[in-house]
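Visitor: In case it helps, Swiss-Prot gives these features for our protein:
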type    : residues                          : note
BINDING : Asp23, Gly24, Thr25, Thr26, Thr27 : ATP binding site
Amino acid sequence: PYEKIGAELVKEVAKKTDDVAGDGTTTATVLAQALVKEGLRNVAAGANPLSLKRGIEKAVEKVTETLLKSAKEVETKDQIAATAAISAGDQSIGDLIAEAMDKVGNEGVITVEESNTFGL
């Protein structure tokens, strides 16, 4: 029963991360798994679950604050290309994404689909 709850939690974390950020699901899944594993270990060792929850919430608050302070606005086509290239692990993909974003603008939508066409 606990394993199923933990698995559902991790699945929800990955889905929410993908919905909000579109990237980082692996990192979010690994972090969620570690939190569940260590949380259960601490509770089994006698830790107060509510105190543990409050501690996790404080840690999340601090991490969020630190990430927001270090975040940089990505505005220019070159910045978008560089950021997308890092995310995709490929400069040519980064350039394509930047070009697409430049064409549709800030409010536009870009849909990427897998093609079954070989060689095109």
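Just so it is clear, glycine is given a Cβ too, placed from its N, Cα and C backbone atoms.
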Visitor: Kindly assign Thr27 (ATP binding site) to one of the three DSSP-derived states: helix, strand or coil.
Guide: helix
Visitor: Residues other than Asp23, Gly24, Thr25, Thr26, Thr27 within 8 Å, Cβ to Cβ centroid, of the ATP site?
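Guide: In sequence order, the nearby non-listed residues are Ala14, Thr17, Asp18, Ala21, Ala28, Thr29.
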Visitor: If you count other C-beta atoms within 10 angstroms, which of the binding-site residues Thr25, Thr26, Thr27 is the most crowded?
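Guide: Most Cβ neighbours within 10 Å: Thr25.
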